[in-house]
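Taken straight from TrEMBL:
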{"type": "ACT_SITE", "residues": "SER652", "note": "active site"}
{"type": "ACT_SITE", "residues": "LYS695", "note": "active site"}
{"type": "BINDING", "residues": "GLY186, PRO187, PRO188, GLY189, VAL190, GLY191, LYS192, THR193", "note": "ATP binding site"}
{"type": "COMPBIAS", "residues": "87-113", "note": "compositional bias 'Polar residues'"}
{"type": "COMPBIAS", "residues": "441-453", "note": "compositional bias 'Acidic residues'"}
{"type": "COMPBIAS", "residues": "600-615", "note": "compositional bias 'Low complexity'"}
{"type": "DOMAIN", "residues": "509-747", "note": "domain 'Lon proteolytic'"}
{"type": "REGION", "residues": "1-27", "note": "region 'Disordered'"}
{"type": "REGION", "residues": "83-113", "note": "region 'Disordered'"}
{"type": "REGION", "residues": "397-425", "note": "region 'Disordered'"}
{"type": "REGION", "residues": "439-460", "note": "region 'Disordered'"}
{"type": "REGION", "residues": "574-623", "note": "region 'Disordered'"}
Amino acid sequence: MQLQGKPKGGEDNEEEDEAQEVATLLKRIKAAHPHPEILKVATREAKKLQRSNENHPGHAMARAYLETLADLPWNSFAMSRPGASNAALSSCSPKDQLGASSRNDGASQRQCHSPSLVARLDAPLDPALRSTGPFAGSGGSLEAARAMLDDQHHGLDKVKERIIQYLAVRRLRGWDAKAPILCFIGPPGVGKTSLARSIAAVLGRPFHRISLGGVRDEAEIRGHRRTYIGAMPGRIIQGLRRVGVRDPVILLDEVDKMNSDGLRGDPSAALLEVLDPEQNGAFVDTYLGVPFDLSQVIFVATGNRLSEIPAPLLDRLEVISLPGYTQDEKVHIAQKHLIPQLLEEHGLTERHLKFPQAILHHITRGYTREAGVRALNRSLAAISRHTAVDIVAAAESHGAEASNEQPSHGVVHELPTPADHDQHDVELPVDSTASALIEEPVSESEPEQEDQVPAESPGHQADLARAEALRQREWLLRSVTSMMEVDEELVETVLGPPKFTDADAEERIVSPGSAAGLVWTSVGGAVQYVECCCVSRGQAERQGRLMLTGQVGEVLEESARIALSWIRSHASQIQPMPSAADGRPPSDSMAGLPDSVAMGTAGATTGSNAAQSSGPESRAEAISAPGLEACAAQWDVHVHLPAGAVQKDGPSAGITLAAALASLFGERCARADTAMTGELTLRGLVLPVGGIKEKLLAAHQAGIKRVLVPRRTMRDVKADVPASVKEAMQILAVDRLEDVLRLAFDPPMLLQPTARL
């Protein structure tokens with residue numbers, strides 16, 4: 001039997017097709033106007049590709065490399081520059097196009113500035129370019145851009161002002177203004193990612209997100225060597241290839257969660273070149289082997305913990321903190337953003353479900369004690385799903401008349417009659433194809449062809465399914481003649497009983513040895529209680545022992561030892577109860593204090609516990625011999641921080657630990673409405689701590705009325721804390737631990753003055 005071979009000339013045709021494809025790739029690379037050195041590299045690779053056989057292992061790698069060079073946006077911009085198009089750039093020499101990208105001295109990028117181009121850059125912005133330029137969607141003015149940001153996000157004034165500043169500098173400097181490198185630090189759910197999307201929308205640039213959580217390979221940033229099988233560029237170059245422009249907005253999400261295993265390099269170190277304005281003009285990806293200009297890219301990094309970002313990388317970032325929202329801000333965000341989005345996602349409208357403002361306050365106060373709005377969004381979504389089930393079930397069971405029946409929960413308001421319903425009906429989002437299928441009239445003049453049954457395509461069947469779904473939704477929404485208004489009974493039916501109440505703080509401090517502190521976590525601030533108890537009276541010949549539990553770290557353990565040492569060294573001076581010689585009423589906790597200690601006058605000034613109602617005489621009798629000094633020296637003390645499964649560390653609990661120990665040794669309860677934060681030294685100084693805004697927001701949500709903070713953090717309180725929080729709480733500044741003991745107890749716990757020679 002004779003085998004049939006290939007037709008004559010078949011191999012020649014394949015070689016001609018291969019040569020034509022390589023020539024097409026070279027033509028695409030030349031059309032992008034890269035640097036001559038890059039064009040030389042591409043030409044050399046193309047010649048290798050033409051000489052090699054397609055079965056050679058390096059053939060596929062060389063072809064993939066040329067395709068990558070052809071797809072990269074060497075001189076393609078999303079920003080429409082006044083009179084400066086890609087054709088204008090192509091008129092410049094390739095050397096001027098690359099500028100400082102070909103230099104390794106770290107100097108700033110040198111752009112092509114011909115006289116005609118400079119004149120066009122100085123001209124005002126062409127109105128025709130505003131739809132695609134840096135003011136896309138904002139009408140071309142800074143006021144419109146600011147209004148666009150305000151419409152999409154509530155608060156966040158610092159971030160908005162930074163974007164407006166960049167727009168103004170770009171108008172003055174030109175299209176080659178240096179792009180900012182921002183870093184949003186804050187707890188989850190405060191809008192870091194959505195804010196980055198809004199920045200891209202205001203600037204009129206494409207948006208690309210790169211998730212860095214769990215990345216532990218340097219090649220993910222810098223790319224792989226081409227000698228490896230399956231080599232590819234790094235994520236930065238891949239993102240630029242995907243968006244097709246050289247000046248997008250790239251989000252580096254979770255930059256604080258990168259890891260390094262010591263074997264595959266450090267990805268955070270690879271980011272140093274990417275995020276350094278003096279170096280990213282000539283970023284060299286290992287896969288490309290040639291420099292690429294990243295100076296026009298706006299990088300936005302996000303993270304939860306600033307301490308987890310390496311110091312060299314943090315030095316290159318412009319950090320903007322997003323601490324969290326107050327209760328009023330959450331309600332505003334829910335009304336303006338969350339509820340309209342949820343109604344649309346669940347197929348409802350404002351005519352069918354209403355969330356009163358009082359109910360939103362009830363949900364945020366009793367069910368969602370967090371810094372962001374994710375838990376609030378989930379709670380509102382649960383109520384929307386419950387309402388959707390009621391609407392569909394009523395329509396399926398009883399038809400259109402079932403909507404007139406009273407539901408088991410919620411407040412029902414009658415809607416207009418069906419006659420008026422058509423006049424005030426809301427517009428439903430109808431697909432154009434499905435709408436045509438619904439409204440297309442059927443011609444009666446055309447004869448029916450029974451013999452011919454046209455085969456329906458899958459696309460046509462999908463259109464019919466969408467049209468049927470739209471008919472069902474329209475019928476369901478028109479059958480509803482009453483509006484459901486959410487009330488507390490419906491909220492409790494869907495979400496259960498409230499998870500948080502204002503009585504939590506009062507119930508936690510009911511006996512001596514407890515105090516409320518404020519801590520910072522990666523998800524926002526929190527109220528951390530400290531509990532102490534005496535496990536043994538000890539012996540006179542030895543010093544009392546200290547035991548710590550609750551997953552405490554080394555820094556927190558040192559803070560506890562410092563607090564105990566201060567209490568022991570000053571035990572002889574501490575007066576558990578004020579004496580008559582002090583010249584002030586025992587029940588007045590603010591008497592005798594300097595005016596500079598208290599900042600505000602709002603909030604409650606009372607708050608004694610029931611355990612203190614026995615009076616000064618009975619309390620003085622409770623402190624029997626050998627007295628507070630002997631108790632502090634001999635007792636074996638156990639200090640516990642609740643939520644033992646959560647790891648805790650940091651110096652900000654120093655004064656809280658001291659107040660709890662003083663409460664235990666003096667057998668007096670601290671004020672239940674008072675929380676505190678501050679680092680303690682052996683001399684009794686109260687040092688400043690961070691995260692003041694997050695801590696005060698957490699105290700406000702927990703129902704705390706009085707907060708003790710270091711005096712040196714009062715400028716942060718005045719600058720960052722919302723006015724509604726400062727008006728609802730009494731924020732008191734302290735310098736020393738003596739001030740803390742006076743303000744944390746009612747009547748105040750004082751120190752006897754010492755004689756000085």
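Glycine residues also receive a Cβ, built from the backbone N, Cα and C atoms like all the rest.
What TrEMBL annotates, mapped onto the structure for a quick look.
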residue	record	Cβ contacts under 8 Å, 6 or more apart
GLY186	ATP binding site	LYS192, ASN304, SER321, LEU322, PRO323, GLY324, ALA371
PRO187	ATP binding site	ASN304, PRO323, GLY324, GLU370, ALA371, GLY372, THR521, SER522, VAL523, GLY524, GLU694
PRO188	ATP binding site	ASN304, ALA371, GLY372, ARG374, VAL523
GLY189	ATP binding site	GLU370, ALA371, GLY372, VAL373, ARG374, ALA375
VAL190	ATP binding site	LEU322, PRO323, GLY324, TYR325, ALA371, GLY372, VAL373
GLY191	ATP binding site	HIS153, LEU156, LEU322, GLY372, VAL373
THR193	ATP binding site	ARG209, LEU251, ASP253, THR302
SER652	active site	GLY517, LEU518, VAL519, TRP520, THR677, GLY678, GLU679, VAL689, GLY690, GLY691
LYS695	active site	LEU518, VAL519, TRP520, GLY525, THR677, VAL707
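Counting every protein chain shown, the number of other Cβ atoms lying within 10 Å of the Cβ of LYS192 (ATP binding site) is 26. Using the Cβ center of GLY186, PRO187, PRO188, GLY189, VAL190, GLY191, LYS192, THR193 for ATP, the list of other same-chain residues with Cβ within 8 Å runs, in sequence order, PHE184, THR302, LEU322, ALA371, GLY372.
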